[in-house]
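One structure is given below, encoded as structure tokens.
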Amino acid sequence: MVLDNLGSSLRGSLDKLQGKSRLDEDDVEEIVKEIQRSLLSADVEVSLVMELSSSIEDRATGEEPPAGTSARDHVLRIVYEELVDLVGDSTDLPLKSQTILLAGLQGSGKTTSAAKMAWWFSTKGLRPAVIQTDTFRPGAYDQAEQMCERAEVSFYGDPDCDDPVKIAREGIEATADADIHIVDTAGRHALEADLIDEIEAIDSTVAPDRSLLVLDAAIGQGAKQQAREFNNAIGIDGVVVTKLDGTAKGGGALTAVNETDSSIAFLGTGETVQDVERFEPNGFISRLLGMGDLKQLSERVERAMAETQEADDDWDPEDIMEGSFTLKDMRKQMEAMDRMGPLDQVMDMIPGLGGGLKDQLPDDAMDVTQNRMRDFDVIMDSMTEAELEDPRSVGASRVRRIARGSGTDEETVRELLQQHKMMERTIKQFQGMGEGDMQRMMKKMQQQGGGGMGGLGGGGGLGPFG
């Protein structure tokens with residue numbers, strides 16, 4: 001994930017300040033050097049790195065910590081505020097009728113991003129349409145059509161036409177009933193003159209309200225030239241950063257934002273059309289520093305529960321809070337969790353679980369956990385309806401039968417039953433809570449996630465410092 005190494009190394013440096021009430025010059029120097037090393041290794045431009053580190057150093061040595069605030073929390077607040085300022089605000093994309101033009105080199109992820117953005121707008125109650133104008137890349141039309149089918153959004157393209165400007169013009173007309181028009185353009189392997197000429201012609205034809213540059217998170221220092229060329233041609237209003245689910249450094253996105261004086265609009269976090277986030281600087285930096293992002297978490301939970309319920313009309317998640325908790329309910333919870341995205345991303349959003357705790361886990365911990373969930377699903381396939389409804393009926397002989405039938409071992413079957421008991425106990429605790437109890441519990445979670453900071457608000461999109 002973008003700047004992930006920065007988050008890990010910063011948390012390590014900040015943890016060394018635990019118990020200190022005041023900072024000395026050596027403390028500040030170590031933190032500033034760590035920031036410089038991490039940002040430079042993430043391909044952030046040198047001038048940006050020096051500007052940020054200088055600002056943090058000046059504030060850390062010149063500002064007095066508020067009464068009752070530890071040295072660690074004082075520096076954490078400064079680093080948080082300066083990093084939010086570095087990444088900038090999110091691109092202004094009002095939820096109303098507009099045309100969005102996508103630009104970028106071949107392989108940057110434009111076509112996938114077009115479908116993902118269209119899906120995102122559709123979840124906000126709008127009617128988006130994707131217009132595919134790429135006549136250069138073989139398979140571009142088919143890929144766009146398939147992605148839009150998965151996103152369940154309107155699509156226009158013409159595989160028999162080799163004039164991208166004509167396709168763009170006719171696409172706008174053919175999808176006139178759409179609220180949002182997302183125009184996907186061709187890319188090249190390099191910034192060639194014909195690419196710039198083509199996108200300038202499309203820009204003149206569709207007159208976009210917003211032009212977004214799509215960048216692969218692995219782009220590195222090459223982002224600066226790309227951003228400058230496209231900005232000179234059509235004017236870039238924002239950046240879409242793709243492929244953040246891998247090991248990409250991501251610093252090139254910050255360089256592009258600085259070069260175009262724009263901002264980040266969306267983050268692509270996975271391969272499916274739902275793996276997209278509207279960029280929220282406060283929540284993003286909060287996650288980076290291990291303080292969670294409850295706003296993004298709640299959006300993912302709500303979406304995952306709705307999709308799970310839609311797939312099974314007979315299941316209602318609210319029933320869990322009123323009746324018994326069966327293995328069927330546990331299975332639905334697992335399905336919803338799977339729909340929330342990769343487990344490591346979800347952990348980053350939970351105050352107290354992301355950040356430092358995740359850093360201590362083995363590298364393969366998330367994969368092992370998700371594989372175990374798949375094992376549990378296979379085991380439940382080998383259980384009878386009565387066993388799924390009443391796990392207490394599963395004795396030793398049934399455990400052996402289920403293990404043989406599922407191709408797993410008895411230990412894993414018992415682990416599933418034990419996991420169910422733990423979840424059942426947790427559900428019962430929630431069942432006895434009123435709304436006020438729930439809010440107090442969430443507030444406590446947020447405070448724990450921020451290292452005990454008295455001023456922690458933890459609102460996700462508003463940032464952890466209110």
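Note: Cβ is positioned from N, Cα and C throughout, glycine not excepted.
Annotation source Swiss-Prot lists GTP binding site at 104-111, 184-188, 242-245. Counting only same-chain residues six or more apart in sequence, the Cβ atoms lying under 8 angstroms from the Cβ of THR185 (GTP binding site) belong to LEU101, LEU102, ALA103, LYS110, THR133, ASP134, PRO164, GLU198, ILE199, ILE202.
Summarising the annotation, Swiss-Prot assigns region 'Disordered' to 446-466.
The feature compositional bias 'Gly residues' is assigned by Swiss-Prot to 448-466.
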Out of the binding-site residues LYS110, ARG188, the residue with the smallest number of other Cβ atoms within 10 Å is ARG188
In this structure, the one of the binding-site residues GLY104, GLY107 whose CB has the fewest other CB atoms within 10 Å is GLY107
Cβ atoms other than its own within 10 Å of the Cβ of LEU244 (GTP binding site), all chains, total 21
